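The block underneath contains the structure these notes are about, expressed in structure tokens.
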Amino acid sequence: MDWGTLHTFIGGVNKHSTSIGKVWITVIFIFRVMILVVAAQEVWGDEQEDFVCNTLQPGCKNVCYDHFFPVSHIRLWALQLIFVSTPALLVAMHVAYYRHETTRKFRRGEKRNDFKDIEDIKKQKVRIEGSLWWTYTSSIFFRIIFEAAFMYVFYFLYNGYHLPWVLKCGIDPCPNLVDCFISRPTEKTVFTIFMISASVICMLLNVAELCYLLLKVCFRRSKRAQTQKNHPNHALKESKQNEMNELISDSGQNAITGFPS
């Protein structure tokens, strides 16, 4: 897996994220990706080779290992990072579409007063509002779901987050109940708890960011309603102006198509 590509991809979304979102991206790469690349492969590099059972029955060791570890910790963590990072693709695609439309309008002369050139459009920080707000909040919601789902999968597959010193296995073709031992169980337990804790922190950051965006929208709407309440004439004038613009637009379209309004 090319983690550099993942860093470049999510780093591009970082430009349009909130402050909490930037902290989330930092936690993802420092406490999860870097730890997974640097340390996890060393800790779990001897998984099946150093899994020992006190029997010489052919196939017993492999069957017991597959029973207790159906999926490798490293592969499951890597899959979790991919799923958690994928919703950022929604935001990246939305921003790319917005820039494409803005560039098209700029070339048609509709955005000449807003931007100097096309490079200025590319450097613009897109505000999280309108349709982008829905896309951004949806991506956060999916990240929360994926984090919680993978934490449950970890607990379900391994019967908790603690790796025992001795595993009792009585699955065929084992002749009887045999004892199996894994390498460095304490170190792997500490590492597992650390990765789960990082997942919890990321999930809490996602919840905090989602609450922040919801409160921000509520505050903005409350402020807008208060403004309309304090200046009803201005709001009425603005409403009439919008209706007049719609009538003018409809009249223009009817004149072009040749149908009466």
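The count begins at 1 with the first shown residue.
Glycine is no exception: its Cβ is also placed from the backbone N, Cα and C atoms.
The record in Swiss-Prot shows differing topological domain names for I20 and R75, meaning opposite sides of the membrane.
Between the transmembrane segment (76-98) and the listed ranges 23-45, 132-154, 193-215, the one holding the most Cβ pairs under 8 Å is 132-154. When pLDDT is averaged over the topological domain 'Extracellular' (46-75), the result is 86. Within its own chain, the topological domain 'Extracellular' (155-192) is flanked in space by residues 39-40, 43-44, 46-47, 50-55, 57-61, 63-65, 67-71, 73, 76, which lie at least six positions past its ends and keep a Cβ under 8 Å from the stretch.
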